[in-house]
Every structure is written in structure tokens, then in C-alpha cells.
Amino acid sequence: MTLFLSFARSLPLPGRIGLFLVCFWLLAALAGPLLAPYAVGAFVDYDVFSPMSGKFWLGSDYLGRDVLSRLLWGARYTVFLGLGAALLASVTGTSLALVAAVHKGWVDEVVSRTMDTLISIPSKVFALVMVAAFGSSLWLLLLIAAVTYVPGNFRIARAIALDLAAMDYVTFARAQGETPIRIALGEILPNMLHPLLADLGLRFVFIVLLLSGLSFLGLGVQPPHADLGSLVRENISGITEGAPAIIAPALAIATLTVGANLLIHALKKGKTA
Amino acid sequence: MSGGGFSRRTALAGGLAGAGLLAFGRAQDVLAVPRRGGSIRVATQSSSTADTLDPAKASVSTDYVRIGMVYEGLTTPDANLRPVPALAESLESRDRQTWIVKLRRGVTFHDGGDFTADDVVFSLLRHKDPATASKLAGIAAEFASVRASGRHEVTIRLAAPNADLPAILSQPQFAIVRKGDIHPRGNGTGPFRVRHFQPGVRTVGERFADYWMPGRPYLDRIELIAIPDEVSRVNALLAGDCQMINAVNPRSIRRIEASGSHRVMATPSGLYTDLIMRADAAPTGNPHFVEAIKHLIDRPLVKRALFRGHATIGNDQPIPPFHPYYNPNIPQTTLDLDRARWHIAKAGLKGVRVPLYCSPAAEGSVDMASIIQEFGAQAGLELAVNRVPADGYWSTHWMRHPMTFGNVNPRPTADLLFSQFYKSNGDWNETGWKNERFDRLLADARSQPDEALRKEIYGEMQRIVHDKAGTAIPVFISLIDGYDKRIKGLHPIPLGAFMGYRFSQHVWLDA
Amino acid sequence: MAGAFPQFARKAPRGASVILHLVGRRAASALLTLLLVSIVVFTISGLLPGDAAQETLGQSATPAQVAALRHEMGLDRPGPVRYVQWLGGILRADPGQSLVANMPVRDIIAERLPNSLMLAGFTAVIAVPLALAMGIAAAVHRGGKVDRVLSLATLSMVAVPEFLVATLGVLVFSVKLLWLPSIALVSSEASLGDTIRSCALPVMTLTFVVVAQMARMTRAAMIAQLDAGYVEMAELKGVPFGRIVLWHVMPNAIGPIVNAAALSLSYLLGGAIIVETIFNFPGLASLMVNAVTSRDMPLLQSCAMIFCAAYLLLVLIADVVAILSNPRQRA
């Protein structure tokens with residue numbers, strides 16, 4: 001705990017705000033469903049799009065369900081899907097990049113062309129095809145989001161890895177007869193971690209937004225649950241009356257992504273300084 | 001001929017007078033004098049590269065509107081779902097098997113050609129050719145022969161008697177094309193001729209000066225586009241970028257009316273989204289399960305929450321209360337958790353997990369599924385809702401799992417509904433049930449000349465479906481159109497949006 | 001690959017030869033990538049439930065009708081045969097016939113491609129200079145007030161879902177103020193002014209989406225260079241700061257910037273699906289979705305080819321610009 005506090009204190013103000021927001025949403029994702037006052041699918045309000053009240057802290061949604069409860073559940077889906085997919089994308093992309101950077105030649109060519117192939121198929125069309133083919137499930141959404149962002153991570157990781165691979169100490173290690181795996185994991189990877197962490201954060205933000213885009217196309221989480229983007233989407237007709245049902249999840253996405261960004265930014269600065 | 005046959009005959013011989021009256025349907029419009037000129041843009045909810053100018057292939061609302069602008073059928077439905085003559089002057093039959101159709105004279109196609117019996121024969125028989133890929137091939141199979149018995153007279157002989165032929169011919173797919181047009185590209189007799197047609201983008205129709213109805217149409221030009229996203233569609237109406245839209249979400253009505261310069265038209269219709277429980281699968285084949293589900297639906301909640309009241313409560317049979325053949329004596333099924341629990345226990349299904357497939361393709365089904373799931377949980381039944389994309393829903397999910405949702409558009413006759421969706425060997429016998437008595441009654445009703453007896457037969461069929469079939473029909477959905485209030489001459493026809501898609505010849509634009 | 005252009009390689013100066021070499025190599029790998037894309041598209045679309053015949057006939061199809069139409073569309077032949085046939089057509093520059101629209105794929109694409117290019121073009125013309133300006137301004141004033149404001153602005157831009165931006169734009173500018181059309185009515189008859197007005201809101205939304213990422217990359221690349229030793233040296237020599245930024249920093253920073261711009265711009269073609277849906281814009285992305293839902297294989301393949309080619313071309317341009325602008329790489 002003291003470690004955490006001293007870490008927090010070491011950050012500049014925007015970083016602290018970011019850390020707070022990220023922790024807030026992590027907590028909401030972990031504990032939210034326990035705190036939810038109503039069941040996620042329960043029709044509790046006779047009226048729809050009702051304003052904030054003591055009974056419904058964030059009003060009711062387009063079907064008369066409690067927005068707060070749905071938001072707390074939605075945060076869980078968005079945060080964990082986003083984190084999971086971002087991690088998966090980064091690990092996959094970086095591993096491929098290391099393979100490409102160490103082997104170069106035709107291995108690099110094949111991996112790079114495969115990545116070009118993936119990146120040039122529009123992600124939402126890809127998602128549409130996958131969901132139509134395999135039916136929507138959490139694992140599939142995770143996979144789609146990850147696959148979509150593997151090429152981006154690969155490009156960055158490969159560029160860094162190639163730079164590092166050309167460094168003297170790597171050439172030296174190679175001359176010493178180190179195996180490619182040892183070079184990749186022992187010499188190159190440790191020096192990539194930092195920029196990759198920043199990239200991971202960015203991927204997370206993109207994935208949260210991709211998920212909300214997918215929910216626009218009707219490809220989100222299964223009902224009665226909904227991720228934050230789906231909550232915005234399903235309540236969009238409340239936008240003209242300024243219903244909390246749409247403002248709350250939109251704000252949730254905004255604070256989550258802005259928070260993550262601020263934190264990453266601060267981390268980057270803290271380390272380079 | 002007696003009874004119903006007589007009334008049918010007079011209605012059909014009413015001719016021009018009947019059609020002319022249509023324009024003055026709305027009370028406040030009776031005094032208004034239609035004005036010539038003006039151009040409007042109309043937006044429907046779907047459009048794709050599959051958009052067509054071939055009536056036989058028409059399948060979505062945008063197609064129906066386009067076909068209704070460019071072509072005409074022999075008959076057209078009126079506000080009470082009765083067929084009135086259009087390109088036919090009269091349809092007569094003594095035995096309801098051989099029909100003599102007298103055609104309107106002095107009608108010309110857009111290319112200047114004369115409309116004759118040969119065009120009708122060609123247009124009707126092309127549905128029997130598999131290469132046409134007609135949506136109504138099944139119905140057209142009942143045309144035993146169609147031949148010209150004069151330059152302006154056609155004789156249609158059916159395979160079996162069917163009193164509903166005039167209504168059947170009012171379907172948009174049976175619109176008349178020019179003889180020899182294997183791939184029709186817009187040469188019809190309708191009020192508008194095709195100026196531009198880009199599938200998936202737009203259709204522009206301009207006034208056909210030689211249209212047979214004097215003074216019609218009133219508008220100079222109609223541009224038809226589609227805006228799939230409902231919020232965008234309403235915004236486009238309010239921003240003045242289009243003047244008529246369909247498929248308005250009930251939640252948007254308040255916005256449209258608040259604008260002051262727009263109105264909505266709600267058309268109570270026979271459209272419904274039904275929960276299908278397959279008779280040939282487990283556990284849905286168990287009558288106790290079906291009964292339990294029917295008692296787990298909070299119909300007033302569906303009506304209120306999903307449709308903001310713009311729906312008519314249904315009773316698990318497909319004939320809506322405003323239909324002439326509706327049977328009012330069937331007790332209404334209501335939400336009854338105790339009864340549902342009892343049936344679930346009887347079926348031995350307590351705590352069992354049953355998958356339920358829903359999709360945006362079947363309007364309202366995702367939210368209906370949420371509602372049934374919620375009450376199911378209260379009664380000890382775990383329904384696993386699977387929302388699947390609209391894409392591919394009809395070919396891969398509909399009727400293919402024990403529990404799916406269907407979506408049935410209004411049909412011009414009770415016979416069509418029952419024979420397509422409930423007959424043992426119907427094309428889309430959704431639940432796969434088989435009821436011999438029902439099948440026999442269906443055949444009886446078709447050849448029954450007496451209207452009162454027909455109504456009685458249809459009444460009993462409704463009761464059988466209500467009691468035994470595995471379809472839950474929570475509500476009939478009203479169709480809601482939004483329009484610029486300068487548009488006059490609109491009134492609801494329960495078969496579809498935009499006056500059953502045939503507004504183009506009736507509406508005018510007030511200055 | 002240089003062997004393909006020996007005479008050029010010998011005569012041309014060093015910079016041009018590097019570029020020619022690059023273009024030649026890329027052209028070869030582009031062909032490989034396009035082939036891969038077509039195989040991937042064909043394979044995954046084969047996983048889709050239903051086919052064009054079923055989707056055309058829709059909910060009301062009977063098995064006999066489906067079989068007849070399937071035969072007419074040639075769908076009763078095995079998949080690999082259809083693929084090879086399609087590939088043969090493409091090699092002869094004939095993308096085939098749309099299964100659903102009953103017209104050549106070329107004609108359908110020809111209607112939509114100019115629209116998409118126009119939308120992407122307008123957006124690029126606005127977004128790229130805007131992003132550069134924002135990025136450079138933030139970098140030059142790094143840590144200062146301008147930087148913080150711009151950083152907050154770009155952060156909030158990426159924090160709002162695209163469809164919400166578009167909907168809000170319509171509500172404010174079309175419904176409330178009646179300034180701009182709520183739907184994009186692009187047609188051959190529309191005047192240039194109308195077309196620009198029609199594109200205003202879609203362009204605004206897309207700008208919102210792509211500008212933030214580009215601005216942040218620009219800032220990062222600029223800062224990396226501003227912190228380099230040679231800038232300090234130049235400053236000590238008394239070179240005006242504006243000159244340093246334009247003449248010394250920009251050329252070195254441009255590599256990563258154009259790369260980020262290329263990635264963002266490639267999004268404008270295929271990724272514009274949400275904007276195309278909301279504004280009813282007749283572009284390629286919605287055409288591709290349409291091709292997926294109607295299982296129109298030739299149309300789908302052509303869209304995928306175009307998006308892939310556009311992406312590869314943009315990346316190539318970015319690399320060429322990077323080489324040309326960077327004196328060290330040129331030398």
C-alpha cells in the first residue's frame with residue numbers, strides 16, 4: 001500500500017488523475033456487480049428514460065431498467081475485454097515481431113505479409129464475418145479485438161526490435177554463438193518493454209472504442225448484459241432528452257479511456273526523465 | 001351467388017369510384033383540394049445491391065414502395081383489407097375456381113405500349129418459371145391456367161377453388177409487367193416512371209403524364225432512398241432532408257410531433273414477431289413447456305416498454321383483433337408465474353437451461369427475449385438468450401433451433417397466413433406441428449362460399465392455434481410513419497407502411 | 001528485386017535507385033499480400049452460414065427455389081473451382097459479375113469508389129494539416145499550457161465513440177441549426193456546393209476520429225528530434241527556432257509522422273462503415289458489408305482487394321516520403 005502511495009506521489013498531477021480513474025474503473029469492474037442495486041435485466045421502472053432519482057441513481061434506460069446496475073456490469077465487460085484483448089494482441093504481436101527480427105529474411109517476409117493481410121481487411125467487416133460465422137460470444141469478441149490490433153503492435157515492436165537487433169551488443173551476443181531465442185528473450189525483449197507498455201495502453205483505449213463501434217453494428221455482448229458501448233448505443237434515442245441512460249455510459253467510456261491515456265503518458269514521462 | 005360472394009362482387013365492380021374515394025380517406029383532407037406539383041424524398045429502412053425493379057423479386061419495404069410507384073396490380077387493398085380493382089375492372093367467378101378478369105381499357109405502359117390481356121398472362125405465368133425466382137412461386141403454382149379470353153379479358157383457372165383470389169392478386173409481386181420483359185427494368189403502368197435507379201443507393205421516379213387515372217399522380221417527382229439507422233432516419237426527416245420515413249421507433253414519436261412541422265401516422269397492422277417453439281424438438285415439443293412460456297410473457301409490458309403502446313396485444317394466434325375474421329371469444333393468455341411454475345414442474349424442467357435465439361432481424365425479438373428471460377428466471381426456468389446478427393438469421397437460425405423468433409409481415413388474407421405458417425406442409429410451418437383438424441378446416445374455408453360460415457371456420461382455427469401451436473404471439477406491431485405535414489392524402493392501410501406502400505398515386509404536397 | 005531494373009539502377013542517382021528498389025520490391029510483395037488477402041477472404045467467407053442464393057430469396061425461400069437459383073449463380077460448383085475462376089478473371093482485369101445485383105462488379109464499384117475517395121480526400125486535406133499543426137504546436141510548447149490544452153483535446157477526441165460524435169453533430173448542425181444536411185446526398189446531379197455541404201458532417205466525424213492519433217504521433221516524433229543534440233547545437237549557433245523546426249527537425253521527424261498518417265488514412269476507406277451508415281453515404285465500406293450480408297463473393301473480393309491495395313499504396317507512399325525527406329536515408 002505504501003509502495004502504491006509513493007508510486008502515486010511520484011506521478012505528475014495528470015498522471016495521478018489517470019491513476020485514480022483507472023483504479024476506479026478497475027474496482028468498479030471487480031466489485032461493481034456486487035454493488036449493483038438491481039438485477040441487470042430486471043424491469044424495475046414503469047417509465048423509461050427517467051431522470052436520476054433516489055430509487056434509480058442514474059435513472060432508467062429505454063426499457064425501464066436501472067442504468068446504474070447495467071453500468072456496473074457493463075464496466076466489467078468493457079474493462080476485462082479491453083485488457084484481455086490488449087494483452088493478447090501485444091503478446092502475440094511482440095512475439096511475432098521478435099521472431100521476424102531475429103530470423104529476418106523470408107520468415108520476416110512471411111510474417112510481415114500476413115500482418116499486412118490482416119491489417120488491410122477492415123476490422124468491422126472482419127468482426128461481422130466472424131460473428132456471423134461463429135455466433136457471438138465473449139471469447140470471440142476478445143479474439144476479434146486482439147486479432148485486429150496484433151498488426152499494429154507488430155509493426156511497432158518489429159521496428160524497435162530491428163533497431164535493437166542492429167545494436168553492437170546484440171551483434172556481439174550473436175558472435176558469441178547465442179541461440180536466436182536467447183538473443184530475442186535475453187537481449188532484445190527487456191529493452192522493448194517500456195515502449196511496449198505504452199503501446200499496450202493505447203491498444204486498450206482503441207479496443208474499448210472498437211467494442212463500442214461493434215456494438216453499433218449489433219455485434220456486442222449477449223443480452224441482458226451489455227458493454228459500455230452497447231449501453232450508449234441502445235439508449236441513443238434518449239440523446240435528445242439528455243437522459244442519464246446515455247450520458248452516464250458515454251462519460252464512463254470517456255473517463256476510462258482518458259484515465260488510461262493520462263496514466264500511460266505520465267509513466268512514459270516518469271521513466272524517460 | 002349468395003351472401004359474401006355478392007358483397008365481394010359489388011365491391012369489386014365498384015371500379016373507379018372506389019379507388020377515387022381512397023384519396024379522401026382522412027376526414028380533414030376531404031375538404032382540401034389536391035394540388036399538382038412538387039417533389040419529395042422518401043426514406044425507408046433498408047436498401048442493398050439486391051434492390052430490384054422486378055416485382056416478382058420484391059422482398060423488402062423499399063422494393064414495395066418502388067414497385068408501387070412504377071407498377072400496378074390487377075387489384076389493390078383498401079383501408080379495410082378488401083381488394084378493390086386497379087388494372088382490373090372486375091373479377092368474377094361462379095365457382096371460385098374459374099375467374100373472369102375484365103381489364104381496364106386505355107391504360108398505357110411507360111414505353112407507350114397498350115396494356116392488354118397478353119401482358120397479364122405473361123406477368124402471372126412468369127411466377128411459375130423457376131428462373132424468375134419469384135417470391136410467390138408457391139402461390140402461383142395454384143394458377144392451373146391463365147389465358148387471354150379477349151383483348152381486355154383474362155380467364156384464370158385455379159387448381160382448387162379459392163375465394164381469396166382478388167386479395168391474392170393485390171400483392172405487390174403480382175404487379176403487371178410488359179409482355180416479354182423477362183428482366184423487368186421499370187416499364188410498368190404505374191404513376192411514376194423510372195428516371196434513375198441505383199441499387200442500394202436511390203430510385204428517382206418522375207410523374208408519368210399518360211397515367212390512366214385523370215389528374216394523377218399529383219407529385220412531379222419522388223426520390224426513394226433508404227436510411228438503415230433509425231435515429232439517422234428521424235434526424236433526416238426533422239432536418240428536412242426527406243419528407244416521409246417509415247419504421248419510426250415509438251420512442252421517437254414525441255420528437256417528431258414536438259417539431260411542429262411533422263406528423264406521425266400509426267398503422268395498426270397484422271405484423272408480429274413470434275416466439276417459435278418447435279414441436280419436433282425437446283423440450284419445446286412438450287405442451288407443458290409451451291404453456292409455461294406463453295404464461296411467462298408480460299404482454300402489457302411488451303406493448304408498453306418495447307412499443308410505447310403502439311401495438312395491439314396478441315393472443316398467440318396470427319389474426320389481429322381488427323381483422324374481419326377475428327375470433328373475440330378466445331380467453332386472453334396473461335402473465336401468470338404460478339401457472340408457469342406449475343407447468344414447468346409438470347414438464348420436469350425446473351432449473352434446466354434452454355437456449356433461446358433472437359436477432360435484430362426479427363423486430364423487437366432481442367428485447368422480448370430479455371423480458372421472457374427475466375420472468376423465466378422468476379419461475380425457475382433458465383433461458384440462455386443468444387443474440388445473433390441479422391445477417392444470415394433467416395437462413396441459419398430461424399426455425400432451426402428449438403426456440404427462435406420469427407417475424408411475419410401482414411398478409412392480405414387469413415388463408416395465406418394459415419396456409420403458409422400453420423398448415424402441416426406449409427412452406428414455413430414454423431413450429432413443425434401437425435394438426436389434421438386444422439388442415440381440414442383450412443381447405444373447407446377456402447371453398448366455403450358463405451361469409452358467415454367462413455368466419456366461423458377461421459374462428460375455430462384461431463382457437464386451435466391458440467391452444468395447441470407452439471407459437472407465442474405477444475403483440476401485433478403498429479407501423480409508424482413520420483411525414484412532413486405539408487404532405488396530404490395519407491391514411492393507414494394495415495398491410496404496410498406508407499398506405500400499404502401505395503402512397504405515390506394518392507399524396508400531394510401542400511404549398 | 002533490383003535485378004528487375006538494372007538499367008535504372010546503374011544510371012539513376014543513389015536516392016532514386018533506393019526508391020526504385022523499394023517500389024519494385026514492394027510491388028512484388030504487394031502481389032503476394034493481395035493473393036493472401038483473397039485467399040483469406042475466400043476462406044473465411046466460406047465459413048459464413050448460407051449463400052447468395054439463400055440470402056437473395058430470404059426468409060421466404062423454399063428448398064427447390066434455392067437449388068434452382070444456386071445453379072443459376074454457379075454456386076453448385078466446388079469452392080476451389082469458383083476461386084480459381086475468380087482469380088483467372090482478376091488476372092485479366094475482370095472482377096466478374098455481382099451475384100446479387102445482376103450487373104458487373106466493375107460498374108457497382110465505379111459508382112461507389114469515387115465517393116469513398118472523395119470522402120477520404122476531403123478528410124485527409126483537413127485532418128492531416130490540422131494534426132500536424134496540433135502536434136507541432138504541442139511539441140514546441142511541450143509541458144506548457146498549449147501542450148496541455150491540446151493533449152486534453154486529443155484525449156477527449158478519442159474518448160467518444162464515433163457514432164455518438166456523428167449523432168451529436170447531426171442533432172446540432174442539421175436538426176437544431178438546419179445548417180447542414182443530415183444525410184449525405186451525393187449524386188451525379190448534385191452541384192459541387194451541395195456535395196461539399198453533404199460531406200461536411202461525415203468529414204467532421206472522420207476528422208475527429210483520425211486526427212488525435214496523428215497529432216499525438218507528430219508530437220512524439222517532433223519531441224524525439226527536438227531533444228536531439230543537433231537542435232541544441234543549432235540553437236547555440238543562433239539559428240532562429242522556427243527555422244530549426246522547419247528545416248532540421250521536420251525532415252527527421254517526418255518518417256514516423258507519415259507512417260502514422262498512412263495508417264490513419266487507410267482507415268478512412270474501409271473503416272468508415274459507421275459514418276457511412278449514419279450519414280447514408282454511398283461508399284465502399286457499406287458496400288463491402290452489403291456484400292458480406294448478401295454473400296456476394298465477387299463483390300466482396302473486389303472490395304477487399306481495393307482496401308488492401310489502398311493500404312499498401314499508402315504505406316509505400318509514406319516510406320518514399322520518409323526516404324525523400326530524410327537526408328541521411330537519401331545519402
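Every residue, even glycine, has its Cβ placed from backbone N, Cα and C.
Annotated in TrEMBL:
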- C:113-325: domain 'ABC transmembrane type-1' (DOMAIN)
- C:27-48: transmembrane segment (TRANSMEM)
- C:117-140: transmembrane segment (TRANSMEM)
- C:152-175: transmembrane segment (TRANSMEM)
- C:195-215: transmembrane segment (TRANSMEM)
- C:257-279: transmembrane segment (TRANSMEM)
- C:299-324: transmembrane segment (TRANSMEM)
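C:257-279 is the stretch from C:152-175, C:257-279, C:299-324 with the greatest number of Cβ pairs below 8 Å to the transmembrane segment (C:117-140).
Comparing C:27-48, C:152-175, C:195-215, C:299-324 for CB pairs under 8 angstroms to the transmembrane segment (C:257-279), the maximum falls on C:299-324. Note on the transmembrane segment (C:299-324): residues 15, 18-19, 22-23, 26, 30, 33-34, 37-38, 41-42, 45, 86, 90, 95-96, 98-101, 105, 108-109, 113, 254-255, 258-259, 261-263, 265-266, 269-270, 284, 287-288, 290-292, 330 of its chain, located 6 or more positions outside it, place their CB under 8 angstroms from a CB of the stretch.
Listed as Cβ neighbours of the transmembrane segment (C:27-48) (distance under 8 Å, sequence separation of 6 or more from its ends, same chain) are residues 1, 79, 83, 86-87, 90, 292, 295, 297, 300-301, 304-305, 308-309, 312, 316. Among residues of the same chain six or more beyond the transmembrane segment (C:195-215), those with a C-beta under 8 A of the stretch's C-beta atoms are 118-119, 122-123, 126-128, 130-132, 134-135, 138, 150, 154-155, 157-158, 160, 162, 165-166, 169-170, 173-174, 180-186, 257, 260-261, 263-265, 267-268, 272, 275-276, 278-279, 281.
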